Amino acid sequence: LPPSFLQEFSSYGSLGQNQFSQYYHLPPNYTSSTPPSADEHGSGTGAGAVGYSAVKSEEAASAGPPTGAHPLRLTRCGSPAAAHPLRLTRCGSPAGRGRSLIVHLCCFQRVFLWDLDETIIIFHSLLTGTYAQKFGKDPATMLNLGLQMEELIFELADTHLFFNDLEECDQVHIEDVASDDNGQDLSNYNFMADGFNGSGGAGGAAGAAAGVQGGVEWMRKLAFRYRRLKEIYSSYKGNVGGLLNPIKRELLLRLQSEIENVTDSWLTTALKSLLLIQSRGKCMNVLVTTTQLVPALAKVLLYGLGDVFPIENIYSATKIGKESCFERIVSRFGKKVTYVVIGDGRDEEFAAKQHNMPFWRISTHGDLVSLHQALELDFL
Amino acid sequence: MSMLPTFGFTQEQVACVCEVLQQGGNIERLGRFLWSLPACEHLHKNESVLKAKAVVAFHRGNFRELYKILESHQFSPHNHPKLQQLWLKAHYIEAEKLRGRPLGAVGKYRVRRKFPLPRSIWDGEETSYCFKEKSRSVLREWYTHNPYPSPREKRELAEATGLTTTQVSNWFKNRRQRDRAAEAKERENSENSNSNSHNLSSSMNGNKTLLGSSDDDKTPSGTPDHTSPSPALLLGSNAGLPSLHGLAPPPGPSAIPVPGGADSVHHHHSVHHDTILNSMSSNLVDLGS
């Protein structure tokens with residue numbers, strides 16, 4: 001494909017280049033250029049039939065920015081076009097409100113479905129003492145570290161990620177309420193006083209009315225929050241310290257380092273595999289966790305995984321379970337892709353079996369090391 | 001690809017790799033992976049590993065090896081469909097090579113008869129049909145309402161099922177025939193346990209057979225003894241006379257073999273007592289048409 005085609009993608013509409021560059025490593029000769037002037041297929045917006053068919057031709061794909069509730073979003077996987085034939089697959093999520101149609105220009109081969117706790121990061125087992133017990137560590141030290149991390153997680157979630165507002169209306173995926181969004185500019189929007197949780201600045205009757213759950217206006221405010229969440233995540237995923245005051249920043253750095261110490265570099269080892277997968281370009285890392293979405297985002301940011309998991313690739317299975325999450329992911333990436341489930345057992349193993357997906361169990365460091373070796377040897 | 005000094009993968013991990021490479025269609029790589037496995041007997045009896053070996057053997061055209069693997073180990077049901085496909089495809093390919101040209105449906109049927117699925121990959125019950133379950137259920141549903149769809153209805157059915165009208169026609173024809181056969185067998189079974197028997201039905205059958213065979217036989221014009229269903233043939237049995245446009249020949253005993261012959265097709269033996277006159281008039285009628 002001519003380079004200009006891919007340039008058009010990388011500067012697609014209002015989504016910004018960051019959105020794309022985080023997904024993959026662009027070869028150095030790709031530069032972000034101005035949007036294409038040609039706009040023969042001006043109607044290439046919106047979801048549903050129009051949007052979907054529009055991307056079937058290369059010209060249409062470069063049409064104007066998305067409008068309305070169903071932005072048509074294009075993502076490109078990063079393998080050099082010459083090596084692999086491009087394939088268009090539809091990856092809109094199935095039934096339910098608020099799905100934006102994500103169309104992958106794909107030559108995807110593998111999608112790795114990762115569990116979070118006790119697979120990539122060690123957090124929960126610090127608190128419960130199971131890690132200490134299993135690997136012969138001092139429980140008190142571990143507990144202390146766990147508690148400090150927990151405090152940071154919930155502070156970040158409450159302060160910057162709207163957890164107070166969103167705790168009761170948890171979503172599976174960041175895009176799930178996007179259809180209720182009206183796209184208005186949020187740069188000067190006051191989230192503190194818009195009456196979302198009934199205790200808004202207006203107070204009185206107006207505040208109470210606006211706080212009714214489920215109303216159209218309330219849904220819109222909900223959607224604003226998730227949109228802002230997305231923006232915040234994308235901005236700080238490589239630098240969560242920017243969201244914290246200097247003291248907390250220091251604390252976080254110390255905590256990260258100490259946790260790595262006592263867990264014998266668990267996270268570092270896991271990261272090797274994650275980065276290797278990411279560097280392949282034809283492979284994707286997806287996170288499926290039983291933590292609620294907002295705290296999960298906080299965990300990902302604080303453990304430094306923001307650059308590995310774009311926010312669109314994070315799913316919370318709290319409400320619907322891992323099996324259903326997997327189903328959503330399969331309908332997003334298609335059946336031609338090979339899925340590999342990586343987790344420490346329980347739900348993910350069962351869910352993998354239900355979907356006939358191969359499962360790689362993580363119980364010890366050795367399993368993470370073997371995983372990395374298998375990836376290096378191209379066995380996976 | 002370098003080999004590890006001590007093989008670092010657990011059996012579970014080996015199985016996972018086998019599944020991933022199979023699902024990803026990376027058969028070459030799978031073959032290399034299998035070759036690199038340590039010679040541990042337990043490992044090589046793992047079902048995922050055996051399945052992988054089967055797939056690699058098929059891919060390489062090593063069918064002897066494939067059959068050996070498929071027959072050597074009792075595979076769990078969820079792997080049956082894929083392994084059955086391997087077995088069948090390999091046999092089809094071998095048969096086609098012998099034949100020198102592609103196999104049709106009948107050819108494949110014969111192959112399946114000759115090389116039945118081993119019980120290691122088949123539970124004796126699982127059948128895989130040619131038509132999708134969805135299509136089959138549409139056809140079955142229709143059949144219960146009307147076993148004789150009109151040509152237009154067949155076209156509609158073809159569209160609804162994604163089949164051709166010929167396929168639809170054949171499906172209905174076969175279904176009716178098999179239903180009839182099943183029903184006849186049912187009746188035969190209940191008759192055998194019954195002391196009753198219907199004379200009529202047995203002689204009816206007899207008649208049908210007789211007429212059936214005469215239908216199949218070529219009826220030489222010079223043998224008036226033959227039961228001939230066709231009035232034209234009756235005429236023709238008088239050699240030398242012109243066809244329909246000519247006048248009816250004077251009836252002679254030889255000219256009209258079994259008077260009720262033609263009618264028997266429709267009215268069985270009840271018409272045997274027809275007079276010659278009757279038959280003649282029917283001939284005359286035919287002449288006129």
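The backbone N, Cα and C atoms fix where each Cβ goes, glycine too.
Feature annotations, reproduced from TrEMBL:
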| type | residues | note |
| --- | --- | --- |
| ACT_SITE | A:Asp115 | active site, nucleophile |
| ACT_SITE | A:Asp117 | active site, proton donor |
| BINDING | A:Asp115, A:Asp117, A:Asp344 | Mg(2+) binding site |
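Known features from TrEMBL, placed on the structure.
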residue: A:Asp115; record: active site, nucleophile; Cβ neighbours (10 Å): 24
residue: A:Asp117; record: active site, proton donor; Cβ neighbours (10 Å): 17
residue: A:Asp344; record: Mg(2+) binding site; Cβ neighbours (10 Å): 19
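In the three-state DSSP reading, A:Asp117 (active site, proton donor) counts as strand. Distance from the CA of A:Asp117 (active site, proton donor) to the CA of A:Asp344 (Mg(2+) binding site) is 8 Å.
Apart from A:Asp115, A:Asp117, A:Asp344, the residues listed for Mg(2+), the same chain places the Cβ atoms of A:Leu116, A:Glu118, A:Thr119, A:Ile120, A:Thr289, A:Gly343, A:Gly345, A:Glu348, A:Ile362 within 8 Å of the centroid of those Cβ atoms.
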